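Right, one structure below, let's go through it.
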Amino acid sequence: MNYLIETIGCQMNVCDSDMLVSIFSAYGASKANNLSEADVVILNTCSVRSQAEQKAFSYLGRVKEFKQKNPCIKIVVIGCMAERLGPNIKKRFSSVDLIIGAKDIGNAALKIMNLFRTDYSAKKVNSEIKSKIVRYITIMRGCDNYCSYCAVPFVRGREVSINCETIVNECSSMVKNGAREIILLGQNVNSYQYEDVNFASLIKKTAAIENLERIRFMTNHPKDLSDDLIKIMATEPKVCPHIHIPMQSASDKILKAMNRKYSYEHYLGLIKKLRTAVPDVSVTTDIIVGFPGETDEDFEDTLKAVKTIRFGGLYVFRYSPRPDTKAAEMIDDVPFEEKKRRHAVVLKESNKISIEIVSEMLGSTQQVLAEEIKNGIIKARTKNGRKVFAEGRKEYIGKHINVNIKEAKINSLFGDIV
Ligand code: SF4
């Protein structure tokens, strides 16, 4: 079986796609480079925003045309959109052969291989995934928070934390295979709880793995971010000083309508605590503009917070209603043009701050972990999450190197290895 995987959405989807690659590879299936080489194309989908679903539909449109000329190819849709829309996808695209929702992702590999007469005895290892320097691991699935705009609790189900021993064993084996950085993933990692192991203790157990050099995690919910976690970020050298904490809005009225269960004051207090405990921490965030009922004043509160907090980076989204959510019942009263304006204003401010932050790094020497090399250019990352590019050799991959920063752009730094 030759397979092609197209992944849309968050790092959890990337992680699920990697898991499929590992299983397929173990059973002797091969990765195709393009549609023409593939026996099956797997589209791993996202439902968080309508744009992500539109992207999936246009991809299915392209594959449908391909299938008209190549009827043997199988089309499989997996992930959140598959969970949310289920058989309705087939109504729109009869060319789709199999739909596997996010809640059934653990059985996806087997179900896909069952479309073919795969020789299950063939065992190979996938060197491409296994040798990656940075590996992702899902530590929990689902979400219990029911933010009023979000479809995740409906498509991914209730929160389930994965056995901590399984996680630590899996991380150990990744490190044995060459990983140096592990990213712990979950919709809300702060509420990880497996028996008496909470998230801070899971990090402690993971940090004990020999030869593992860096630990990151995402994503966090402000209401669950504990003092224990801040303490471990401050005291465990393997934990990177980078944290993504979605703020969404700085208006308490809007936060309440979003069902976020914290106030802006609480959020700001967390940032202050973090910055006191971990002075070099980079805090990144998500913001939604144009949520139902967001007035000019509410938006100005959010903009003021962006200026006050000076995030290391942010993702800003224009609100769009997601079916089945509470917010979809509210009146979507901010005109599209105004959403676009607010989006542009936040982005402009954030870019200005980012440029100021990275400009301060010009001329400095940064210790980075070299992750991969392409055409002689090494892609590396600082401990607080900035991407750095420098000319280098493949012997550097997996090692810490020092790079003198010569050029700074919003999302990337460029320099020379010293
Ligand atoms: S915390 Fe809120 S936004 Fe995040 S996945 Fe859960 S419901 Fe969605």
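Here the Cβ of each residue, glycine as well, is placed from N, Cα and C on the backbone.
If you look up Swiss-Prot, you'll see CYS10, CYS46, CYS80 marked as [4Fe-4S] cluster 1 binding site, on the strength of sequence analysis. Swiss-Prot lists CYS143, CYS147, CYS150 with the feature [4Fe-4S] cluster 2 binding site, giving sequence analysis as the kind of evidence. Sequence annotations record features per position, and here Swiss-Prot assigns domain 'MTTase N-terminal' to 1-118 based on sequence analysis. Taken from Swiss-Prot, the feature domain 'Radical SAM core' covers 129-356, and the record attributes it to sequence analysis. According to Swiss-Prot, the feature domain 'TRAM' maps to 359-418, an assignment based on sequence analysis.
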Distant-in-sequence Cβ neighbours of CYS147 ([4Fe-4S] cluster 2 binding site), under 8 Å, six or more positions away: GLN248, MET258, ASN259, ARG260
Residues among the binding-site residues CYS10, CYS46, CYS80, CYS143, CYS150 that border ligand 1 - Cβ under 6 angstroms, in sequence order: CYS143, CYS150
Inter-residue C-alpha distance, CYS10 ([4Fe-4S] cluster 1 binding site) and CYS143 ([4Fe-4S] cluster 2 binding site) (nearest angstrom): 14
Other CB atoms, at most 10 A from the CB of CYS143 ([4Fe-4S] cluster 2 binding site): 21
Whole-number Å value for how far CYS80 ([4Fe-4S] cluster 1 binding site) lies from CYS150 ([4Fe-4S] cluster 2 binding site) (Cα to Cα): 12
Least Cβ-crowded entry, counting other Cβ within 10 Å, from the binding-site residues listed as CYS10, CYS46, CYS80, CYS150: CYS10
Structural state census, the domain 'TRAM' (359-418) (DSSP three-state): 4 helix, 36 strand, 20 coil
Mean predicted confidence [pLDDT] for the domain 'MTTase N-terminal' (1-118): 90
Within the domain 'MTTase N-terminal' (1-118), residues counted as helix, strand or coil by DSSP: 62 helix, 24 strand, 32 coil
Assigned element (helix, strand, coil) containing CYS143 ([4Fe-4S] cluster 2 binding site), judged by DSSP: coil
Extra residues within 8 Å (Cβ to Cβ centroid of CYS143, CYS147, CYS150), [4Fe-4S] cluster 2: ASN145, TYR146, TYR149, ALA151, VAL152, PRO153, GLN187
Pairwise CA distance, CYS46 ([4Fe-4S] cluster 1 binding site) versus CYS143 ([4Fe-4S] cluster 2 binding site), rounded so that it is a whole Å: 15
Additional residues surrounding [4Fe-4S] cluster 1, by Cβ distance to the CYS10, CYS46, CYS80 centre under 8 Å: ILE8, GLY9, MET12, ASN13, THR45, SER47, VAL48, ALA52, GLY79, MET81, ALA102, VAL152
Cα separation, CYS143 ([4Fe-4S] cluster 2 binding site) to CYS80 ([4Fe-4S] cluster 1 binding site) (Å, whole number): 13
